[in-house]
Each structure stands twice: as structure tokens, then as C-alpha cells.
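S.K.: Just passing along the structure, written as C-alpha cells.
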Amino acid sequence: MHGRLKVKTSEEQAEAKRLEREQKLKLYQSATQAVFQKREAGELDESVLELTSQILGANPDFATLWNCRREVLQQLETQKSPEELAALVKAELGFLESCLRVNPKSYGTWHHRCWLLSRLPEPNWARELELCARFLEADERNFHCWDYRRFVAAQAAVAPAEELAFTDSLITRNFSNYSSWHYRSCLLPQLHPQPDSGPQGRLPENVLLRELELVQNAFFTDPNDQSAWFYHRWLLGRAEPHDVLCCLHVSREEACLSVCFSRPLIVGSKMGTLLLTVDEAPLSVEWRTPDGRNRPSHVWLCDLPAASLNDHLPQHTFRVIWTGSDTQKECVLLKGHQECWCRDSATDEQLFRCELSVEKSTVLQSELESCKELQELEPENKWCLLTIILLMRALDPLLYEKETLEYFSTLKAVDPMRAAYLDDLRSKFLVENSVLKMEYADVRVLHLAHKDLTVLCHLEQLLLVTHLDLSHNRLRALPPALAALRCLEVLQASDNVLENLDGVANLPRLRELLLCNNRLQQSAALQTLASCPRLVFLNLQGNSLCQEEGIRERLAEMLPSVSSILT
């Protein structure tokens, strides 16, 4: 044993580490206590900077101590000469950088650096950009550093083109850089603003095509990396329409005018207001939502005075102007007619996608073919499958309808954890297709039965629909947006899994409601139907509530205007 170095046992090592931790904790607590005592006594001097440096150098996430340092620095600003302050700031910046090396994702450290640079008369922004580049090279997904870089770029008025070039360099080095792709999505609309396109408006076509080529190179290089797929989806969504007034309807019998927007809005807010003229004369009216609540809505209504519906005159011309986007609709109510309307011509480009130029269509078609080839090589790549579906939607939703449904089945098998999301997305696309077919047929009846729907959408497009068939689906609820169907007379919703009827309210023309074989368990679920004044027929057969004792009497009392209730 002589001549050998004694090795500590595991118990001795554990005890040594315990004593070391206790010693560090004592120093930490004593330094913290000293800082708080000085702060309470108003002794905001350089000794506080020294004490907080000891603690923050090891644990940069002590927010209160950063506050103490700011208080001290503000105090010293009034006491130091410009030369002394410059030296102090230089030391503070160096200390902050050392803290960032300890924890590059420290909220307090990055915030303190922002605060410090904001107080300098002539900050060295070039140095800060270089600092960001170094930390992003170490961790390209450090969102704290990305936030700080955006702050620096804004303060230094760095041109968006320069920042875009910076993302180019990072993406070229590594395609799997979600933050760089995201930053591009922020910079491109700044670089290429399009008049009258809104915050979600389109990019110039040459830019869009260039970006599509770039991102295609990325996801073909690494098909399993999600960054490029997300960016590709963002590019496909770069053509959302701005706010428009898409439909105007006038009912003589109800003395009511209805308008429908492309998205939910509040009339009379900073977004804009509605101006109504009848026979070229301005008419002051009160606008309201179908449920009377002042919240964003696709549909807004107003009551019409009797004079504006005088049937002795040959016609009345109604014009509504939306000041938010300077769009208008006009319709003419003829003598002897009970209603009139005006709506946009409903092609698929105008309803659910933007019209494609020949060049863009060719590029997307090429991408679709390439993605199909990639899918053959990577049959379980969910991003590739989803992108194929989205490309088909962008190109021609009706032409690819059957093929799209087949890809949905494959995608659900590949990604069962997102089955509910995929069911809802599939339902959205099926509703869109059915609306398109209805519009092309120029009818007011919409058949959505036997489509395995899990959600309803685009109800704002159905203001003129009189008959809606939702039977034999998997709908758990009918959304409040159903109130947009101002002309609906017959609603078939049998053989679903409806648990309540909260969305079936304020439908002025609803006469027949079929709800067989759902999951309605209590009569209270039908209370909202009292807001449908013309409802005369209600079929509830096959629901649990039909087993309630005295259900018919309770329903007759709740819904006195309904003459026929089947239980």
C-alpha cells in the first residue's frame, strides 16, 4: 500500500460535495442578504454591483438582482463623469456576455442588455449584431437571442434585405433552422409590401416562386425535418383575401337586411362601419349580430322601416357600403317579391383559394409530382403526405377530391396521434367542396350527409341556403355560426352525436328540425330552440331525453309554437 495515492471512498466523496454545497449556499445567502440590506438602506453604490456580480455570475436568472443593478446604474448615472460612465457600461456589457456564456437563454440577462443599450446615446449596434451571430452559431434555435437580434435590427434600422441575407447564410449552413425560416416569414412581407393586400396578403409572384424553390430544396435534402415543411405551408397561405362584404340579403316579410363578411368583424369599430342607402337616400339604422351580442361576427343585421319596403312602388334599391375596405353590395327588391340578394360569384378561387397564374400553377404542379415521388421513397413521412394534400387543394380541390381523401386515410394511419386534427381538416375540405358544387349548380340546398364530418365550417357562405342536410356524420355540436343561415327552413341533423343544441338559435325561418338518434339527454338542451319563431316540426326520436317522464308536456310548455314534436 505504500507509495499509492489514497482514493476517497464514495461516502467521503459525497460528504465532501455536501460540505462544498453548504459552503456555496452560505456564501450565496450572505451575499443576497447583504444586497437586500443595502437596497433597503438606500445604499445603491458600486459595492452592490460587486455583490450582485458574484451571485448572477453563477445564477443569471435571479430577476430581483437585475432590478437592483438597474437601480444602482441609474443612481451612478447622476454621479459619474462621462468617461467613468463609459468604462462602467463597457464593464457591464462584458459582465452580461459572461452571464450569457453561463446561460445563453437567460431572460433576465437579455432583458438587462436591452435596457442598458436603450439608455446609451450612441450604442455600438454592429457589435451587438456580431454578438447575436456568435450565440446563434452556438445554438441556432435560441429564441432569446433571435428576439434580441430583432430588437437590435429595429434600433439600428438594419434593412430587411440585410437580415434576409443573414437568414440565407444560416439556412445554407443548416436547412433545419426553424427560427431562420420563421424570421424569413416576418421579413418578406416587409421587403415586398403589396398595396391593398392586408397583413396576410400575397407576396409578389416572382418572390413566391423563388421561395418555393428554396424550401423545396430544403425538404428534399432532409424530408424528416419539419422546419421547411412549416415554411412551405406558410407560403401556400400567402394569398388570404382581405376583408370583403360578400353577401347582401333583404327580406320584405321580416323587414330585415342582412350582410355577410368574409371574416368575423365588429361593425362600428376602428375596422370600419356599414353605410346603408335605400333608393339613393341614406338611412340611419342600428346594426346588430344575430344573437344581439356586440362581438365579431360574419353576419350583421338591421331592421328596415316600413317606408323602405312599400309594395306600391315598382322597386326599392338597397346599397350597403363597408368603409373598412371600401367595398359595397347592391340589390333591388321588386314589387311582389319577398326577398332579394346580391353575392359574389362563387368560384373556388374566390371562395377558398386565390386564382393561380399559369406560372404558379406550373410550379405547384411540379412540386406535387416531386412530393409524390418523395412519398414513394418515404411512405411514412407525414409532412410529405400533408403537403401533397395542401398542394392538391391549392391546384384544384374538386379535381383531386377522391385522391385527397385517400391521402387523408394514409396520413391518419401514419400519424394516429393527430387523428382528430386530421378529421377536422378533412371535414373542412369536404364542406368547401360541397359548397363549391352547390354554387356551381346554382341551388340553395346543401347536402352534407354521410361524409363522416366532425366539424362544420364556412357557414358564413350559406346565408342563402334554405335546406341543409347534416345527417349521418360525427358532429358533437352545431356551432353558433349557424346563425348565419338567415334563410334556413329545414335542418336535418339526425344520426350524429350531438350533445347540445347551443348553436341552433336565432334562425328566423327555420320550420323543420330533425334530430333523431343523437345524444341529447336533457330537455334543457332544447331551450335555445325557443329563439326560432317559425319552428313547427321537431323530431327527437332515438334520444335519451325521450325517456324522461312527462317530456312531451315539458316540451310543449318550453316550445309552444312547435305544433308537432316526435319523441
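Along the chain as shown, residues are numbered 1 onward.
Glycine residues also receive a Cβ, built from the backbone N, Cα and C atoms like all the rest.
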S.K.: Looking at phosphoserine as annotated by Swiss-Prot, pick the matching residue from S98, S308, S563.
M.R.: S98
S.K.: Give the nonlocal contacts of the repeat 'LRR 2' (464-486) in its own chain as ranges (CB under 8 Å, at least six residues past its ends).
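M.R.: Same-chain contacts beyond the flanks: 247, 249, 251, 256, 258, 260, 289-291, 298-299, 301, 341, 343, 423, 438, 444-456, 492-509, 514.
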S.K.: What's the number of neighbouring CB atoms sitting within 10 A of the CB on S98 (phosphoserine)?
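M.R.: Within a 10 Å radius of the Cβ of S98 (phosphoserine) lie 13 other Cβ atoms.
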S.K.: Report, as numbers and ranges, every residue of the chain located at least six residues beyond the repeat 'PFTA 4' (159-193) whose Cβ falls under 8 Å of a Cβ in that stretch; write 'none' if there are none.
M.R.: 133, 136, 140-143, 146, 150, 153, 199, 201, 203-204, 207, 211, 214-215, 217-219, 221-222, 225-228, 230-231, 234
S.K.: In the repeat 'LRR 2' (464-486), how many residues does DSSP assign to helix, to strand and to coil?
M.R.: 5 helix, 3 strand, 15 coil
